[in-house]
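**Q** This is the structure, below, for whatever I ask next.
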């Protein structure tokens, strides 16, 4: 076997699959979590730590930008020193929203490769669309579960990112590609399970959601990883526009 | 003997949890929190819940003071508080509280002050009830841990 970097990477990648850590350097995945709610920060931190991620949790978009070094005029040193592998942010925050943070990250030449996941307690199609179109990797309807975290960890694997770059380069519609990619992955993403309407390739913004099952869930059954069966609970919160 | 006490306490805990789930007071997100608790984070649930209590009480006070103000008109501000309360409640699995917040928000969006007041009272009631039940749960859990941890001297040989 040749001892060049490519082969080493492949070997590391095999080991990584067992370790559940997903960077090409076999280090822990470093996630930057942004949420103004202390309760949610505590929960997301724990979810990430228990999934073997290193976590930096901040309470605002401004602080997130400060942490990344993006808050000054232009990123001064031009490197992702802190090796942030993934950003997960709440949508609704005072000051800078998660959407505005997403835009700032995607506008930066240094940080735009970092996958950004948006969380929201509201299952609003227009909001989801807007975020995906701006380059968000995924949109999770709160409350966030362990299965959600396990899924988003996959976005940090080099394989996925190389695939993403190629798709972006080809200029294909992001949502369409996402859907076809996600159908082949092991666990369904939150979007598909939370809003079946979204799985069609081109839907107008004002399209109303499919009929929802009756009322607000009261008693509930034991927890399970997301499946289409979960979707009624999520779908209940859907509103047609913001 | 104390082994039996630990078992009895565990049964008490399960009964209380079953009640809370059955009544829709808690939902599966609470179970998710329990799954995140282990030896490395043995008090995770009570820590998160205590933060929730602390924040909720602040929010409830803000909501009440907004509504008690005779010249109240800032429904927008109320909506922001409600969104926060809704979010944190859903994050810990406080299902009924979250549902009351939804109704409260609807009243607020209609600028329906009377409806908001009714919703606030219901919210305060639900919150009190949940707080009592969760305190009870944590107490039983503490006792259970103590009972399970005691050993007779003979057993150490």
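Each Cβ is built from the backbone N, Cα and C atoms, and glycine gets one as well.
On a predicted model such as this, the values are computed, not experimentally measured, just so you know.
Annotations per TrEMBL:
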{"type": "DOMAIN", "residues": "A:30-157", "note": "domain 'Response regulatory'"}
{"type": "MOD_RES", "residues": "A:90", "note": "4-aspartylphosphate"}
{"type": "REGION", "residues": "A:163-242", "note": "region 'Disordered'"}
{"type": "COMPBIAS", "residues": "A:183-209", "note": "compositional bias 'Low complexity'"}
{"type": "COMPBIAS", "residues": "A:217-231", "note": "compositional bias 'Low complexity'"}
**Q** Across the whole of the domain 'Response regulatory' (A:30-157), what does the mean pLDDT come to? Round it, please.
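**A** 92, rounded to a whole number.
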**Q** Count the other Cβ atoms sitting within 10 Å of the Cβ of the residue listed as '4-aspartylphosphate', across every protein chain shown.
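**A** Other Cβ atoms within 10 Å of the residue listed as '4-aspartylphosphate': 27.
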